[in-house]
Amino acid sequence: MSAVTTRNLPKNSSRKPGLTPNGRKRNSLSKGHLPRWATPGIAAGSLILGAAASTLGGFSVVTFAIFTAIIFVVASAIITTVVEGSRRGKNALATHLVYAAFLLALIPLVSVLFTVLQKGLPGINMHFLFHSMNGVTGAIDNASVENGTPVLGGAYHAVVGTLLITMWSTLISVPVGMLTAIYLVEYGKNGPLARAITFFVDVMTGIPSIVAGLFATALFAVIMGPTARMGIVAAVALSVLMIPTVVRSTEEMLKIVPNELREAAYALGVRKWRTIAKVVIPTAISGIASGVTLAIARVIGETAPILVTAGLANNINVNVFGNWMATLPTFIYYQILTPTSPTNVDPSIQRAWAAALLLILMVMVLNLGARLVASLFAPKKGR
Amino acid sequence: MSKRIDVKDLNVYYTNFLAVEDVNIEIEAKSVTAFIGPSGCGKSTFLRTLNRMHEVIPGGRVEGEVLLDGDNLYESGVDPVTVRSQIGMVFQRPNPFPTMSIRDNVLAGVKLNSKKISRSDAEDLVEKSLRGANLWNEVKDRLDKPGSGLSGGQQQRLCIARTIAVKPQVILMDEPCSALDPISTLAIEDLINELKNEFTVVIVTHNMQQAARVSDKTAFFNIAGTGKPGKLIEYAETATIFSNPTVKATEDYVSGRFG
Amino acid sequence: MTTNALRRNGSKGQVGDKVFSGAALGAGILILVTLLAVAVFLLIQALPIFSADPELVSGGEGFATYIFPIVIGTVIAAAIALVIATPVGIAVALFISHYAPRRLAAGLGYVIDLLAAIPSVIYGAWGYLVLAPALVPIYAWLAENLGFIPIFEGPASQTGKTIFTAGIVLAVMVLPIITSLSREIFLQTPKLHEEAALALGATRWEMIVMSVIPFARPGIISAVMLGLGRALGETMAVALVLSTGALIPSLIKSGNQTIAAEIALNFPEAFGLRLSELIAAGLVLFVITLVVNLIARAIIARHKEFSGAN
């Protein structure tokens, strides 16, 4: 919103239309301002100086970019200060710093995505996708490095584990989270219990993921003995992380369903629970579904709670109620930290990046899916 | 298919705040009764007590009796849902269900309660209700289109069709034309005139001409000041209220001296 | 009195209402119970460590001596993350709310949100395999030229797997939190304040300092606190990136440890007393993040009361 006002602010003289109709006479309002070519001019100068400075200590793209940016920010601030005064100088400095911050924030994003693509793509093949690590030993990795044969072993078991554990945590979290949100919006109204629940849902949002993992372990340890490690424990841990997100997004969506619709249903002699189930929730379903999808996207990449709850498996396990289970995040973690072959780590690293690419794809698909779902289920409009 | 309403000594509260005080009124079956009065005088609040919609608002409660053909709505053990299926309500702003088609909107009262209804019965009910709401000819070719695609006046008639479809005894209307243009308003007023052949109609309106045009009897509500409860000042034949009221406040109001 | 016709079959169907509202209430209470259970079960499992013979605890000098260095390590890593992420995050939020062309703003906001969508283990892998090696020459330079300052004391790590690297990775993970919350607050700044400042002849930066920042200050503080909560509890970035060791002041040598990473690295092999020790550490982490988050929430709640902009 506010961008409207600020966008129209003239940056320098050339941006003021109508003031210089013939373009010859210097407008009194633009006196003492930098000409339009000043910014690109300073940028060009900074590029040259930046290149020169970076060659002093061995040229590299990184130092070149850093020097250029610093020189540009400092130089344009000084020049603006000299020509237009210190207030405008400060403004120019702030503007360039803000732009620089944004570019800086993009660096890790671009770097992570680029690295994952570059190092993950070579490892993605049918063998990787449809085989587990069962029977893949250090010797096999050593052999494939020495003979230059394709890397064996894949992430099929981890994909299966990820999907199963995520599915179970979704099955736990969605009903609990949605019902809680329904209680908060439709029944609790602002009562003491509703306020307590809202407060503790906030607290739950802040639970570190590893603590959620510890909780699930401790819970099952009390019930089943200290060595209970299996898929369902991980699913419970992930639910602790997922429930608050589901509650929050569902609550927001239920709140924006107009009260008129509830009253319309009541006035037709429809019971409250049917009104909620058949009028309120269908009206809000697009938002709820996209909120749930985002919540799934969040927990599917969680590593720490899985480490302490599901153990580590190299083979395919489809039973969440028994035996250890692997997921993509733990697969990545262990492949990096404890390579299958300690002497030849490359096959493990390759598998880790390929798994990372798979995981990022899953998360991105879920994120895009959330947007798609939101528009797909939205109440039909138009005539 | 219509019943009378008798209200005895009714006080309406929001938590501890007395919003409407001591109303006594008899509403005849198969008639149109209009409630008029300045903003905030409690006429809408009172209307909502007639089908127990008032208690949907947190803190809403009443004292006194509302009798539907002699049966008290507020007797303990009476389910508000039963009351509302007998006394329907049309709201200020048209509110068709956005997720449903025109057909499903008409059938909402049946479908939302999961009542069994055969396909042909459903088709008959849709046609009968839409004809009853003077909407059939306009929408018969697009029953599967969303109800929110209609114009405001059509949406309001769809809401009336939806209310008729549950076959109530009484239809309450809370300023049903205030969000509509003059032509749509006229269509609704014509409809109200037809509805009274079958239903008891109670309408709240800001528009005195509208009250004069559609109603048989008119009730004037007023409020002494902010924070004071609203009261029923005068209730009589519409012609009497507008030509020869007995209370000074009514005369001032209908002649446009305040409000 | 005659029988009331409205009472007939009155209770039919009310069962559905009761079941539904009961289920909703039950779900809400389940959340309260779960949270209580988190506290209770962690406490039960952690208890043995507090009564154990100090010599049996890792380090051999009792739990307090064991937990102290890793609490400090956790705080150091989180502090590095915040020092980096706070200015950058606020500037990015300002960029999106007040500098970027309006048509781009929403899209750019989404790009920053993507940073939050990337799983932490991938950040960890990136930090381990890309960022850490890239930082080695910088650390060497720092140790050589600024080595007289304790935090840059050499010799610098040859792998780059230091707490400073971990802090940078944490900063990247915390950045989207700070950005998205601050952005929301910046956009809520009353337009009248902004226009009043501009009408006085203020430059854009002066307008921001005069009207946006004062309005958004509590929001920024709570955004930073929430970011802190995340940085304290984040596990994978540290577990993968940091080459752990004893508590040391230098940020560019191998060493230091955080609670979350300590648990993740040791839990899979732990049993008996070591298990209680790690769960107790988790409990400490839980309490620390809880306090931080509560403070953040309190600031938000107070702000909501006074802002008047609902």
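First residue shown is number 1, and so on along the chain.
Each residue, glycine too, has its Cβ placed from N, Cα and C.
Database features, via TrEMBL:
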COMPBIAS  A:1-12  compositional bias 'Polar residues'
DOMAIN    A:159-370  domain 'ABC transmembrane type-1'
REGION    A:1-34  region 'Disordered'
TRANSMEM  A:34-53  transmembrane segment
TRANSMEM  A:59-85  transmembrane segment
TRANSMEM  A:97-117  transmembrane segment
TRANSMEM  A:155-185  transmembrane segment
TRANSMEM  A:197-224  transmembrane segment
TRANSMEM  A:230-247  transmembrane segment
TRANSMEM  A:279-300  transmembrane segment
TRANSMEM  A:352-374  transmembrane segment
Stretch of maximal Cβ-Cβ contact with the transmembrane segment (A:59-85) [cut-off: under 8 Å; candidates A:97-117, A:155-185, A:197-224]: A:97-117
Ranking A:197-224, A:230-247, A:279-300, A:352-374 by the number of C-beta pairs under 8 Å to the transmembrane segment (A:155-185), which range is first? A:230-247
In the same chain, residues at least 6 away from the ends of the transmembrane segment (A:197-224) whose Cβ sits under 8 Å of its Cβ atoms read 180, 183-184, 188, 233-234, 236-238, 240-241, 243-245, 247-248, 302-309
With the cut-off at Cβ under 8 Å and a gap of six or more residues from its ends, the chain residues touching the transmembrane segment (A:279-300) are 162, 166, 169-170, 173-174, 177-178, 186, 238, 241-242, 245-246, 248-250, 252-254, 256-257, 261-262, 264-265, 270, 359, 362-363, 366-367, 369-371, 373-379
Tertiary contacts of the transmembrane segment (A:230-247) (same chain, 6+ residues out, Cβ under 8 Å): 161, 164-166, 168-170, 172-174, 176-178, 180-181, 184, 201-202, 204-205, 207, 209, 212-213, 215-217, 219-220, 291-292, 294-296, 298-299, 302, 305-306, 308-311, 317, 319-325, 327
